[in-house]
Ligand SMILES: *Cc1c(COP(=O)(O)O)cnc(C)c1O
């Protein structure tokens with residue numbers, strides 16, 4: 001068994017027990033004599049997986065009956081386009097909060113579809129914080145307000161979400177299922193699965209049923225939320241294996257004690273790392289300002305490029321993988337999603353202290 005500690009930003013660590021169960025069931029799923037990958041997506045055996053994943057997500061995240069859960073494909077990036085195609089019509093305006101590269105990408109897709117407006121941005125501060133000055137009282141003719149709940153690349157995360165009287169949409173790709181949230185506040189939440197939910201290939205969309213009715217009907221059927229909602233995400237062949245792994249991850253979350261327990265563990269993990277950064281007398285510097293720090297992606301720099309390279313090299317030799325920062329910002333980043341165990345963070349902190357002492 002390899003002893004790699006996986007700090008990858010995405011695709012990211014999955015719980016070991018999930019992988020082991022998938023391995024044990026790989027060639028014979030539930031007595032069917034077939035792999036879950038080989039089952040018809042219309043079969044009873046697969047349907048159980050599909051329905052259970054959906055119901056379990058609803059129960060774990062406390063998703064109200066006003067909202068539907070869809071399993072789509074194309075990742076969060078596909079949602080960047082699908083959302084405005086559905087809702088940015090009739091001369092309405094898509095409002096965007098820019099808090100990082102993913103928000104920028106979401107905005108640039110919407111710009112191709114209709115009118116957009118940036119309501120707040122922290123770009124000038126290299127996205128080191130969630131924008132503070134939010135002028136959200138008046139959003140005339142709004143189709144929706146879009147935000148990115150956790151900025152995977154810069155390591156910032158929203159604390160309290162804004163109260164607005166227009167449809168609120170969040171890209172939660174990198175912090176869904178990591179903490180308790182009030183789903184009823186949002187008209188749409190979407191997330192590619194490969195950070196906290198499972199493997200890549202499935203995109204979870206949680207969307208208010210009444211809002212779907214307001215969507216543009218003049219776009220291709222496959223791009224309409226309504227199509228997938230009506231067909232229980234079985235309009236076309238869904239990514240069955242990814243949904244199966246998602247269902248195993250949801251079992252794992254329940255076994256941890258649910259989302260509250262996972263949240264407390266995540267806070268503990270993040271605090272360990274931030275305490276280490278803050279008590280390093282400036283040797284390690286966090287990229288994010290304190291009030292915007294992410295519990296999922298801890299970004300930091302070392303005094304210079306040579307030390308950064310040395311740090312990453314030595315970490316790798318100790319089996320710590322994925323600690324290099326995103327190519328656009330450099331430095332280091334420890335992604336500590338749900339499935340990254342506390343011990344991995346403890347070992348990283350120990351290494352950081354020793355490395356600082358020696359250098
Ligand atoms: C990873 C990520 C994306 C991109 O997801 P894809 O599934 O690759 O399209 C978008 N938004 C956020 C916040 C992410 O972390």
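Cβ atoms here come from the backbone N, Cα and C positions, even for glycine.
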Look at the pyridoxal 5'-phosphate binding annotation in TrEMBL, where 76, 77, 152, 171, 194, 236, 237 are given, and name the residue from 102, 211 listed for that site too.
102
Considering only the binding-site residues 42, 152, 171, 237, which possess a Cβ situated under 6 angstroms from at least one atom of ligand 1?
152, 171
Roughly how many Å lie between the Cα atoms of residue 76 (pyridoxal 5'-phosphate binding site) and residue 42 (L-glutamate binding site), rounded to a whole value?
26
Confidence summary for the domain 'Aminotransferase class V' (4-347), mean pLDDT rounded:
97
Long-range same-chain neighbours of residue 237 (pyridoxal 5'-phosphate binding site), Cβ under 8 Å, sequence gap at least 6?
41
I need the most crowded of these binding-site residues: 77, 152, 194, 236. Count other C-beta atoms within 10 angstroms of each C-beta and give me the top one.
152
